[in-house]
């Protein structure tokens, strides 16, 4: 990227330097971190950026937990702490958990760590790393009379990439994000969504001199101008469902399975967006996996794609309905009000008619068993209809099953040129909803579930 006005990469004339702070002791609960750093780095100057490993903050703040020395017992305690510090589990692989912790940070094991601590201890993250950064900054100003920025870091993995890097989990005294929106590069291109996580870049750069084995938990970045804007590391966290990848693959699949049926609802108002034919074909393919008696295929979905034929069918059904309602003694106003409820089938982008066909049905000499056979085939069609509605919902397509053709089977068969033994079982309006589908909570079964 060509430097633009306000580029985050500006450095002083002396260049950018990263300096280790050596000679620090092992930190224990109750230690004064500011006092120890001030003693080890009296050369700190205004404008320096102090980058501090979170572990020394956590130790000093008493976030150390006793643990057994036995490896298996120690791991059991560690896993219990991981669950304790987590608010949700995003992914798991073997014993490894990727969690969102109470700080909103997504990382392995909720930040619970057993490295660089005694073998009979485990350490948690600081309870409030931003507050810790602010307190350390104030403590150094009091002891050395300098204004420095502070970044508190922890090591994290990254999606899509091997290896780990340090990232900021606490910050004070600097702008943690640099927003390039509205800036123009050297070729005249306006930048729109580029935000640079400056605090994370500082954390990663400082780790080049801190390392993991040399006992150097603090480094100083010198020569990078900073601007204090009140932001903290909490501003780096993209929370929950705002993130495009807020669940692991297996967890996303599991959630999708749980919510698939709950996405279905009766949609009666549709957007103008056309539904791709392949989307409907795919949903029908799913629907045809529904259970059926005697290994038969008792359902056919008639897709009324010809607009004129649909108009003729719906008009003929409306006339039949009016005649039935007149025979019931309803006045014209009530009749038109009832018929008007069927406008959804005129307005829907697509309409499908589910039909029960008797292919493979058994014949019985008595009325009781023959009625049971008919019921069995009808139930199978209902299962396929539900499968279709759910399959459409999982693709973001709305639908509404309406019983209309059940009351006008002869008219439906005549207008659609269907065989005499095809029994239409309603109509399904299909189209994209005007509002995105969302799963609704399951109902309390109440008297819907009877246990014996």
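Quick reminder: no glycine exception, Cβ is built from N, Cα and C everywhere.
If you check Swiss-Prot, you get these features:
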type    : residues                               : note
BINDING : 24, 25, 26, 27, 54, 59, 116            : GTP binding site
BINDING : 113, 154                               : divalent metal cation 1 binding site
BINDING : 155                                    : divalent metal cation 2 binding site
BINDING : 264, 265, 266, 267, 268, 292, 403, 440 : FMN binding site
BINDING : 324                                    : coenzyme F420-(gamma-Glu)n binding site
REGION  : 1-248                                  : region 'Coenzyme F420:L-glutamate ligase'
REGION  : 249-452                                : region 'Dehydro-coenzyme F420-0 reductase'
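Features as recorded by Swiss-Prot, highlighted on the structure.
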residue	record	Cβ contacts under 8 Å, 6 or more apart
26	GTP binding site	none
54	GTP binding site	111, 125, 126, 129, 152, 153, 154, 169, 170
59	GTP binding site	27, 28, 29, 31, 117, 123
113	divalent metal cation 1 binding site	55, 122, 123
264	FMN binding site	386, 389, 390, 392, 393, 399
265	FMN binding site	393, 398, 437, 440
268	FMN binding site	344, 400, 429
292	FMN binding site	298, 299, 380, 383, 384
324	coenzyme F420-(gamma-Glu)n binding site	407
Item checked: Pairwise Cα distance for residue 267 (FMN binding site)/residue 24 (GTP binding site) [Å, integer] -> 66
Next item on the list: Averaged across the region 'Dehydro-coenzyme F420-0 reductase' (249-452), what pLDDT does the model get? Just tell me the whole number, please.
Entry: 94
Item checked: Spatial neighbours, same chain, of residue 403 (FMN binding site) - Cβ under 8 Å, 6+ residues apart -> 426
Item checked: Using Cα positions only, nearest of the binding-site residues to residue 266 (FMN binding site) (24, 25, 116, 155) -> 155
Item checked: Pairwise CA distance, residue 24 (GTP binding site) versus residue 155 (divalent metal cation 2 binding site), rounded so that it is a whole Å -> 20
Item checked: C-beta crowding around residue 116 (GTP binding site), within 10 angstroms -> 15
Next item on the list: Please find, for 264, 265, 266, 267, 268, 292, 403, 440 as listed binding FMN, the greatest distance between any two Cα atoms, in Å.
Entry: 29
Notebook entry, point to check: In Å, how long is the longest CA to CA span across 24, 25, 26, 27, 54, 59, 116, which the record gives as the GTP binders?
Noted result: 15
Check: Quick one: what's DSSP say for residue 113 (divalent metal cation 1 binding site), helix, strand or coil?
Finding: strand
Notebook entry, point to check: Around residue 155 (divalent metal cation 2 binding site), which residues of its chain at least 6 apart sit with Cβ under 8 Å of its Cβ?
Noted result: 164, 165, 166, 167, 207, 212
